[in-house]
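TrEMBL has this to say about the protein:
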DOMAIN    165-276  domain 'Phosphatidic acid phosphatase type 2/haloperoxidase'
REGION    35-101  region 'Disordered'
TRANSMEM  128-154  transmembrane segment
TRANSMEM  232-252  transmembrane segment
TRANSMEM  258-279  transmembrane segment
TRANSMEM  291-310  transmembrane segment
TRANSMEM  370-397  transmembrane segment
TRANSMEM  418-439  transmembrane segment
Amino acid sequence: MANFVKTFVQICNYLQDPELVARFQHFCGVEGTFPDAPNAPDSGVSEPDHPGLRKRVQQGAQSSDAGVGNGAAGDGPTPQVNGMLGDDTTGPDGSAAAADSETTIAKPLRRNSLTGDSGQEFLIHNKFLFYLFTFGTELGNEMFFIIFFPFVLWNIDALVSRRLIVVWAWNLFVGQSTKDMIRWSRPASPPVVKVEVFYNSEYSMPSTHAMTGTALPFCLFMLTYGRWQYPFLLGFCVALSWSVLVCVSRVYMGMHSVLEVITGFLYTLLILAFFQPNLGRIDNYYMMGSYAPLMIIVSHVGFGLVAFSLDSWSTSRGDTAQALGTGAGAALASHVNYLLGLQLDPPLSSLPLTLPSLSVSLVLRSMLRFFIGVAVLLVTRMIMKAVTIPFLCRLFGLPMDDVRQARQQMKVELPYRYIVYSVVGFSCVCFVPLLFKILGLA
């Protein structure tokens, strides 16, 4: 038994090693432009008083112009536009970085959400893999959810979308809360190249991108197989490919070790094993339970308060409140829909469902619903953001000139996220379908 434990620990240490991430990135054509001395804030060194516990980069530890380890800081002004910068293969120091005509200099697409750091330049030798894994990592970001859940809800199957939102919200809550309890930092850079820096100040164990990228496709497969007619192997292969793409993309981006991604994958399988027999009962209670609105609000807000008490402010807290707020709004909307007789699910006698034949009118109608609906959601989110933050700042007597600083206080961030995204979730499930009915697009 002792030998088994020792071997298991050795395997875990190997899979957690940032050198393994760096070797994978090099294999995929990612090359860092590292300085001679690595930047201290991103070294990923364990705290001496807490072996195995790593310190996250705190707000204020580095300025918005500081580097994350991909290159030397202070070599010049940071470009405002991130992404592919061109095919010039000259490195940041003016030397020739590569002779390969396929090499491109790039920067992280988005700034660090906590520090404002824009990251450092790196070299891409394989553009196909860069775009593939950038797409894969976007499958776990907010904009994808704004597109995916509404499209399924409005054009394919409302029941499936409602239940996916339930699993997504609670899966993300469990993952983010686990991160704040384990408190492992991101892989050290160098040797890892930070292709992405947006989430770099969060803790990293387990990978919540891997959790979401596993929960959504496998839950979608679990909910639709038998309800819709399609081959089992096709559905399973699509779910597995989706999950693998998201998981591998997080290693490519330098955001997670292999161990953290594998843990996120397996962790989600356990969560899905819990939801599989209970998801129908949860959804039915949300719709038909007499005390469902009260339970929805209490559970989603209560667990959010628990998550916010686990650690100092970070984007993970905001993401947790955002997911729970969306889930609460969608659940309340499903209850209202049931009371008003809107968006009724097809009778069991009509199962299994079959995809309708594609036609020009069907495609145009679906796209019209999608674009009108998403536009309504984006406008709703924009208006709610513009109204909610100033209101909360006035309410708590906080200055409104620094929104980032104001949102690092729980009394602002928690109600802000819940109010904005519960309204977005409610609009998605109730208001937009009602609008479609008024416009004759239902």
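Glycine is no exception: its Cβ is also placed from the backbone N, Cα and C atoms.
Highlighted: of the candidate stretches 232-252, 370-397, 418-439, 232-252 has the greatest count of Cβ pairs under 8 Å to the transmembrane segment (128-154). Tertiary neighbourhood of the transmembrane segment (291-310): same-chain residues 169, 173, 176-177, 180-181, 285, 317, 320-321, 324-325, 327-328, 331-332, 335, 410, 413-414, 418, selected by CB-CB distance under 8 Å and a gap of 6+ residues from either end. Here the transmembrane segment (370-397) has Cβ contacts under 8 Å with residues 146-147, 150-151, 154-155, 403, 406-407, 409, 411-412, 415-416, 419-421, 423-424, 427-428, 431-432, 435-436, 439, 441 of the same chain, all six or more residues outside its ends. Residue counts for the domain 'Phosphatidic acid phosphatase type 2/haloperoxidase' (165-276) by DSSP state, with H, G and I taken as helix and E and B as strand, are 75 helix, 2 strand, 35 coil.
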